[in-house]
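Participant: Have a look at this one before I ask anything.
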Amino acid sequence: MLESIPGKVFVVGVVCLICFIAYSSQLCIFIPVYETSESILLLVPFNILVLFVFYNYYLAVTTDPGKIPTNWEPPSSLIAPVIATEGITGPRYCKTCRTYKPPRSHHCRYCKRCVLKMDHHCPWINNCVGHENYGHFFRFIIYVDLACAYVITLLIGRVRAIMDAIRHFQASILYFDAEPNTFVIVFMVANFVLAFVVLFAVGILSGYQFYCLLRNQTNIEAWERGKVETLVRRGKILPINYPFDIGIYKNICQVLGPNPLLWLWPQRAVGDGLSFPVVSGTDPRLPYYWPPRDPDDLRPSIFSSKYRRQQEARKLLAKNPDANVDDESEGYYDSGSFISESDEYDEEVGMKNLTGFYDISATSPAHEHSDEEKPLAYFARKIHGNPEEKKQD
């Protein structure tokens, strides 16, 4: 249902909601009844919070979450055969974008491309939350919580002042004792309900995001970790640690910056989104292959539908090499497929796709590379052999 609504409608709706709560509460409820300049000063912190809400929302909406550079490849030294007991496959590959995926990247079906360190696609900002704008998004929801809590506090103070005036027939220190009219009462109720609902909803979101921040995981990675723990508990793979949880302080610095005094100040993302610090002693392959896969998916049963699809595809290609075959049976959905519907391939399949980007068959000196410069497809042939040579044999 939400997919049918244009993203800009959500953005306009959020802006209107912020404006209504921020300014109707001041113009219709607080300012008309304030008596002293000291009371007016109560609104200064609130307006500062509103300013940060707007600015961080603007940054979250307009900042690109992060794109994979053209022809990016994982280090060739990390190519290795499948290790079923550890759930290790080849580097993740996106069929839709026809590119390898850096660590923590996923394909977004709404943005129609891969996003660096994708957390989730948020309709309220009409954008993905990824490496480049995750800090802006986190600060936005924190400032929303603070602003809503502040306006609720002011509203409660206003109600208490009215009740005191009614009971004691005298004004409180900060407010006139004039009885509010129906117009003011309606706005008070509307502001309180809206602010409370927003605080409740965004508060739950920000609490969960803060939990993920402390563990240096995205929404998708939180789901992945649960799945990996299940595989370990069932004895399908060996125990394995999540590689990106490097300690609470460093985890926060990865998103909000190295200076704690500026954590709530808008600033650029840390790093390039292509590589990330990992726990000491981590297998260098793991960040590129995370999450480990179920070994049953690496060794399909002859009774499985996946195996049958593979056999049918092979028969069809044997009869007609030019046939258009769905490659889903050779790949696997990434852990974010419930969000992104992205296809990821193991190393062998990914290498076949990469050969279209590089001329690895050229023999002229201009096309020769050192081992450090050779593309991944060169090493893939070392591992899997040259199909043409196998045919000649």
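Backbone N, Cα and C atoms are what each Cβ position is placed from, and that goes for glycine too.
Caution: TrEMBL annotation is automatic and unverified by curators.
Residues or ranges marked as active site, S-palmitoyl cysteine intermediate in TrEMBL: C122. Annotation source TrEMBL lists compositional bias 'Basic and acidic residues' at 366-375. Among the features that TrEMBL reports, domain 'Palmitoyltransferase DHHC' is placed at 91-224. Residues or ranges marked as region 'Disordered' in TrEMBL: 364-393. The transmembrane segment annotation in TrEMBL covers 9-34, 40-59, 140-163, 183-205.
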Participant: Across all chains shown, how many C-beta atoms besides its own are within 10 angstroms of the C-beta of C122 (active site, S-palmitoyl cysteine intermediate)?
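Facilitator: Other Cβ atoms found within 10 Å: 19.
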Participant: Would you list the DSSP helix, strand and coil counts for the residues of the domain 'Palmitoyltransferase DHHC' (91-224)?
Facilitator: 75 helix, 17 strand, 42 coil
Participant: Cβ under 8 Å, sequence separation of at least 6 from the ends of the transmembrane segment (40-59): give me the contacting residues as numbers and ranges.
Facilitator: 14-15, 18, 22, 26, 30-31, 34, 125, 133, 136-137, 139-140, 143-144, 146-147, 150-151, 154, 174, 264, 266
